[in-house]
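Below: the structure, in structure tokens.
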Amino acid sequence: MTQLASAVWPPTLLLLLLFWVPGCVPLRGPSSVTGTVGESLNVTCQYEERFKMNKKYWCRGSLVLLCKDIVRTGGSEEARNGRVSIRDDRDNLTFTVTLQNLTLEDAGTYMCAVDIPLIDHSFKVELSVVPGNIPVSSPGTTRETTVVPTSFSTKGPTQGSIPEGHHEHYEPQGLSLPVLLSVLALLLLLLVGTSLLAWRMFQKRSVKADKHPEMSQNLRQAEEQSESQYVNLQLHTLPLREEPVPPSQVEVEYSTLALPQEELHYTSVVFDSQRQNSHANGDPPCQSPDQKTEYSEIRKPREGLSDPHP
């Protein structure tokens, strides 16, 4: 919307300046005219050649957008509506509005305009009507008001004459002041609407930021820490061996340990005491060849088995 408003402003300002600069007004005519009750009055205005084929009309009101049409040229160069007629002279680039049998109610603000796209070109004419007892012109005469622009052709009066001491004021006019005010008001409304829309969008973004403060904080931290850091890494490669070395085989010795099934008891048996005494006296023991050493083995009887030697 902001871009749309910025795009609309320059052409509008240029259009307004075009109507305010002297010499750029497309229509010229009298700013005020005076007529007499019961008589006829002609109002002539002149237009530029580029509006030669456009429709011309005469309306009552001070605002062109709300002006009430009285008479308008259609397919022909002349049209009539009651006591008011309009005639378009395309050769001289003028059109004349004739008001017949004037009354006091005819006094007011009128507009002479050219129908164009968008905003019509127009100028405002103040019509004054005076009672018939005030001599303005000789009876039965018709007065015609003409335009004498500096940059266009000049046309003199064709019927009657303007009495001495009575002067008509001709002022070039563009868009009337109410039209300009309405255009400015429209642009102001457009600007206010654009500002409100931008404010609403800003409020929505603020509400979303308040709902997710952690996310906003993380985004801020990420933006603060967005500086790039670089580290140089050096990789050392090991030289390849020609042949892979097979893993060394460790010799393993296995041994089986078995518990004895029976407990062994050993007993020393001494056969005579004399030998013990001789040993005590220091005599070396002697052993007869006939004597043999006997060994005995004592086993613990098993449970449930009877002794074989009672």
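Each residue, glycine too, has its Cβ placed from N, Cα and C.
The compositional bias 'Basic and acidic residues' annotation in Swiss-Prot covers 291-310.
The disulfide bond annotation in Swiss-Prot covers CYS45-CYS112. Around CYS112 (disulfide bond), a 10 Å sphere centred on its CB holds 26 further CB atoms from the protein chains shown.
Here Swiss-Prot flags 27-128 as domain 'Ig-like V-type'.
Here the Cβ of ASN42 (N-linked glycosylation site) has 22 other Cβ atoms within 10 Å, regardless of which shown protein chain they belong to. In the three-state DSSP classification, ASN42 (N-linked glycosylation site) falls within a strand. Look at Swiss-Prot and you will find ASN42 (among others) tagged as N-linked glycosylation site, backed by sequence analysis.
Taken from Swiss-Prot, the feature N-linked glycosylation site covers ASN92 (among others), and the record attributes it to sequence analysis. Cβ-based neighbour count (10 Å, all protein chains) for ASN92 (N-linked glycosylation site) stands at 14. ASN92 (N-linked glycosylation site) carries neither a helix nor a strand DSSP state and counts as coil.
Annotation source Swiss-Prot lists N-linked glycosylation site at ASN101 (among others). Taking a C-beta cut-off of under 8 Å and a sequence gap of six or more, ASN101 (N-linked glycosylation site) has these contacts in its own chain: GLY38, GLU39, SER40, ARG83.
The feature phosphotyrosine is assigned by Swiss-Prot to TYR295, with similarity to another entry given as support.
Annotation source Swiss-Prot lists region 'Disordered' at 136-168 (among others).
Residues annotated as region 'Disordered' in Swiss-Prot: 271-310 (among others).
Look at Swiss-Prot and you will find 200-310 tagged as topological domain 'Cytoplasmic', backed by sequence analysis.
Here Swiss-Prot flags 179-199 as transmembrane segment, drawing on sequence analysis.
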Cβ neighbour count (within 10 Å, all chains shown) around CYS45 (disulfide bond):
27
Check CYS112 (disulfide bond) against DSSP and tell me helix, strand or coil, would you?
strand
Measuring Cα to Cα, how far is CYS112 (disulfide bond) from ASN42 (N-linked glycosylation site) in Å?
12
How would DSSP class ASN101 (N-linked glycosylation site) in three states?
coil
Measuring Cα to Cα, tell me the gap between CYS45 (disulfide bond) and ASN92 (N-linked glycosylation site) in whole angstrom.
11
